[in-house]
């Protein structure tokens, strides 16, 4: 992305100093421009120091939250067997791209701003520009893949059953990274370190012509913003409609009766029957083996003794005791879709100002520079980088099973030392077994003895 504000918005390399800078470029620079010295801004030292302190604090907070949060996501999704689903595979790729944005881009954007010059050389300049573009492209395409996967799983379950596997998700993720890598090749080709004044270097995009720069900006705006936005809006709109109709017209009893009629009429075991659909025919509840239906959680198979124990101890459902299984699955899907919608909305809110600024600068560089230089462009950059740290917060606040997986992972990494039980004194009576212990003893005895 044309986003690297490397030594662009600070007033200069010294108190009250004028900075010779190109008139054309704004975000990283993409045209040659004419060097002109701007008059120093008349601001107090206290205001300048406060702005610098706020900027450093915000950058540091976003950087730490992005690194810690996305590393936590990668570890939890990698270690938890219950979270190894198709949707979470794309969320894992999204976390890797956000981590790449934080580690490979943020330090090399902040430090040149503080120092007033770019000191890292041409190789780092090209690499930072390339990795930033790849990260944004992978994030966008991953969100599109998640939307299409959820649409297929919820609205087209029979067709999704054929290809909705983790191996297929892995192939899509690899294709996403390869496509993003190829799409962003122009960035390292047309990025270089250029002098912007006396002892001032800048990492800039230098396109062959203004027409090519405008074409590139419009192309990115269409491929990575408008088209993905329309696809995701349509997909989640259809998903919301399907879930709303499923919750409104819940026909478990109708489908059970239809399954019985179908089995009596020669269907093998009533295969493929599930909850009734509002259009009058039964809809199959097809999903991955072991998945509970929300797309972000896998129900691991339990051993036979555990199943027997759950059957013995499970309370008998009565009227009004809670939602039925099919309705509970729909509610779980609805919660996951709501979380994914929040992720999509936050992503586009964070990157909309950057796309708008880049397009404005491509067609009206001087006007964009006058309007956005200084605090506005600093806020735009901070907002775009904040997109790398919002997803972990969304997962923790809106994904109960992810929170539980985080706690389980922390408990596994930092186990508590076992507490020693106090031994009874010789004159004390032995402890009376609790009801739970008696239940386990009785169950073990029954299971061991077997029938008659």
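Just so you know, glycine gets a Cβ as well, placed from its N, Cα and C.
According to Swiss-Prot, the features are:
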- 1-57: topological domain 'Extracellular' (TOPO_DOM)
- 7: N-linked glycosylation site (CARBOHYD)
- 28: N-linked glycosylation site (CARBOHYD)
- 34: N-linked glycosylation site (CARBOHYD)
- 58-78: transmembrane segment (TRANSMEM)
- 79-99: topological domain 'Cytoplasmic' (TOPO_DOM)
- 100-120: transmembrane segment (TRANSMEM)
- 121-127: topological domain 'Extracellular' (TOPO_DOM)
- 128-148: transmembrane segment (TRANSMEM)
- 149-171: topological domain 'Cytoplasmic' (TOPO_DOM)
- 172-192: transmembrane segment (TRANSMEM)
- 193-218: topological domain 'Extracellular' (TOPO_DOM)
- 219-239: transmembrane segment (TRANSMEM)
- 240-339: topological domain 'Cytoplasmic' (TOPO_DOM)
- 256-285: region 'Disordered' (REGION)
- 340-360: transmembrane segment (TRANSMEM)
- 361-376: topological domain 'Extracellular' (TOPO_DOM)
- 377-397: transmembrane segment (TRANSMEM)
- 398-452: topological domain 'Cytoplasmic' (TOPO_DOM)
- 413: S-palmitoyl cysteine (LIPID)
Going by DSSP assignments with H, G and I as helix and E and B as strand, what are the residue counts for the topological domain 'Extracellular' (121-127)? 7 helix, 0 strand, 0 coil
Summary of DSSP states over the topological domain 'Extracellular' (193-218), given as helix, strand and coil counts: 9 helix, 11 strand, 6 coil
Across the topological domain 'Cytoplasmic' (149-171), DSSP labelling yields 20 helix, 0 strand, 3 coil
In this predicted model, the topological domain 'Cytoplasmic' (398-452) has a mean pLDDT of 59
Using a 10 Å radius around its CB, how many other CB atoms surround residue 413 (S-palmitoyl cysteine)? 9
Can you work out which residues elsewhere in the same chain, 6+ from the ends of the topological domain 'Extracellular' (121-127), have a Cβ less than 8 Å from its Cβ atoms? 6, 104, 108, 187-188, 191-193, 203
Sort out the residues at least 6 away from either end of the topological domain 'Cytoplasmic' (79-99), same chain, that have Cβ-Cβ distances under 8 Å to it, and list them. 66-67, 70-71, 73, 134-136, 138-139, 142-143, 145-146, 149-150, 153, 164-166, 168-170, 172-173, 176-177, 288, 291, 295-300, 336, 340, 387-389, 391-392, 395, 401-402, 405, 408-409, 412
